[in-house]
Amino acid sequence: MASTTVSVLLLFSSLLVVAFAGNMDQQFDVTWGDGRGKMLNNGDLLTLSLDKPSGSGFQSKNEYLFGKIDMQLKLVPGNSAGTVTAYYLSSKGSNWDEIDFEFLGNLSGDPYILHTNVFSQGKGNREQQFYLWFDPTADFHTYSILWNPQRIIFSVDGTPIREFKNSESIGVPFPKNQAMRIYSSLWNADDWATRGGLVKTDWSKAPFTASYRNFKADACVFSSGKSSCPSSSTSSSTSSSWLSQQLDTTAQERLRWVQKNYMIYNYCTDGKRFPQGVPPECRTS
């Protein structure tokens, strides 16, 4: 474990933490959808649309190796059953890493389900799902991923909803060696997204549209085969405090509040799914 820590710190010593904010068109490329993904308002707003022929998607111009990523989203309003709006970090290859937000649409008046997952070295199956304490279609809300060598924290409007800690000491792989891009897509998943696929997409309500703005990344950018951040001994507390950030007492209380009142599925408590015992990271405090 000591050698791992040393190697991570050496990795951090050679590159600068970079803060990005500004126009969506400066940070992202629409990559598919044949015109269904649009940059509006002089590049400050990005929208994705879905109709029966196709959805749409975009990806970040940069790759990141650790960072604090914020994005404001306004989800598909009305009857969004069958649709999925995915917003995630992912690397490439068969042993990829991935950190997921997925928003599962629902019938008008029924709540969205916020689905989260963490993949490390190609292995996921770490789902936690939540209802939200507001209507995510009425206005923009901020969805954040804090990713540092010790933990991954998912937050909504600054409130933590999930923490995935580095448990390499007990043999659980942790995403720390592969740079990841930010991706988002709006697509049809009516074979599973709403009530296990019982409710299908109502194409008479198409096009379905999700909106994005106010992207911000305090992050280490991976470029030309190398990436890093300052070591903890030399980093500025203002520019890269997220590199060693953890949940303080207040944040832990808010996390417990969300998980008590709004969590609807936790793989760590699904004994039927794991009859031989839940995964090892679930058994740590």
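The backbone N, Cα and C atoms fix where each Cβ goes, glycine too.
Feature annotations, courtesy of TrEMBL:
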- 1-21: signal peptide (SIGNAL)
- 18-212: domain 'GH16' (DOMAIN)
- E98: active site, nucleophile (ACT_SITE)
- E102: active site, proton donor (ACT_SITE)
- N106: N-linked glycosylation site (CARBOHYD)
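On the structure: features taken from TrEMBL.
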{"residue": "E98", "record": "active site, nucleophile", "Cβ contacts under 8 Å, 6 or more apart": "Y88, L89, S90, S91, N117, V118, F119, G124, P175, M180"}
{"residue": "E102", "record": "active site, proton donor", "Cβ contacts under 8 Å, 6 or more apart": "V84, T85, A86, Y87, Y88, L114, H115, T116, N117"}
{"residue": "N106", "record": "N-linked glycosylation site", "Cβ contacts under 8 Å, 6 or more apart": "S80, A81, Y112, I113, T194, V199"}
